[in-house]
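**Q** Per Swiss-Prot, active site, proton acceptor is recorded for Asp43, and the stated evidence type is sequence analysis. Per Swiss-Prot, the feature active site, proton donor maps to Asp185; the stated evidence is sequence analysis. Sequence annotations record features per position, and here Swiss-Prot assigns substrate binding site to Ser16, His74, Gly150, Phe151, Cys152, Gly153, Asp185, Gly186, Gly187, Ala207, Ser208 based on sequence analysis. The divalent metal cation binding site annotation in Swiss-Prot covers His41, Asp43, His74, Asp185.
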Amino acid sequence: MREEAMKKQGVLVAPSIMGADLACIGREARNIEESGADLIHIDVMDGHFVPNITFGPGVVAAINRSTELFLEVHAMIYTPFEFVEAFVKAGADRIIVHFEAAENIKEIISYIQKCGVQAGVAFSPETSIEFVTSFIPLCDVILLMSVHPGFCGQKFIPDTIERIQFVKQAIQVLGREGSCLIEVDGGIDKESARACREAGADILVAASYFFEKDSINMKEKVLLLQGEEHGAK
């Protein structure tokens, strides 16, 4: 049922729970669901691959109990293989691992999929985008970091647009349109979202923009990120 949400036409919006009020994470998960967002992005950080430390399987399980939305774990950790089973048991519907985090990434992708969930690979901004080509036939999603991984509130890196275009073209050449999605994570707001959509992005991850307290409510922000310029009623 949750996987059907990934087949929806148009750009999917994935609020990152890292930007939420973590004192009431269950309520925030429900707020995301009520906003009309398509999935919840859960940033898992180990303090080694990136300097920040965030969530483990227990938090994923708590979010899973609070929502029916598709849950995506973005594993910014070394030795991701060791944690796959725990995150699957906690309720993850997709696990994304970093190209830079291990040498046996293709093995890890295969193992994630054998565990019955979707798999993806993330690429940091400084990593050559040409490495992506060999992963497109294997993955459900390619995630392009549009900031340096680790913290919310960073500015969108403009070079990401060319990287999206490269991946989009590679997906078309390899006949994987609709089977391998392009996800962009970092610095996403109304303006950068528009540029990403035009370049070919399928999923946009938003943290600071989505959760900041301002005059635009969450439902309106989802529509703006999707390209509905008039916002929600």
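Each Cβ is built from the backbone N, Cα and C atoms, and glycine gets one as well.
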**Q** So if I measure Cβ to Cβ from Ser208 (substrate binding site) and keep only same-chain residues at least 6 apart in sequence, which ones fall under 8 Å?
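**A** Result: Gly19, Cys152, Gly153.
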**Q** Of all the recorded positions here, His41, Asp43, Asp185, Gly187, which one's CB has the most other CB atoms within 10 A?
**A** His41
**Q** What is the interatomic distance between the Cα atoms of His74 (divalent metal cation binding site) and Ser16 (substrate binding site), given in whole Å?
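**A** One finds 10 Å between the Cα atoms of these residues.
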**Q** What's the CA-CA gap between His41 (divalent metal cation binding site) and Gly187 (substrate binding site) in angstrom, rounded?
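**A** The separation of the Cα atoms works out to 14 Å.
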**Q** Please list, in sequence order, every residue of the chain apart from His41, Asp43, His74, Asp185 whose Cβ lies within 8 Å of the Cβ centroid of the divalent metal cation site.
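**A** So the additional residues around the site are Ala14, Ser16, Met18, Ile42, Glu72, Met76, Ile96, Leu143, Val205.
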**Q** Are there any residues in the same chain, six or more apart in sequence, whose C-beta is under 8 angstroms from the C-beta of Ser16 (substrate binding site), and if so which?
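**A** Long-range Cβ contacts: His41, Ile42, Asp43, Cys152, Asp185, Val205, Ala206, Ala207, Phe210.
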**Q** In which DSSP state, out of helix, strand and coil, do we find Asp43 (active site, proton acceptor)?
**A** strand
**Q** Count, for each of the binding-site residues His74, Cys152, the other C-beta atoms lying within 10 angstroms of its own C-beta, and report the residue with the smallest count.
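**A** If we count Cβ atoms within 10 Å for the binding-site residues His74, Cys152, the smallest count is at Cys152.
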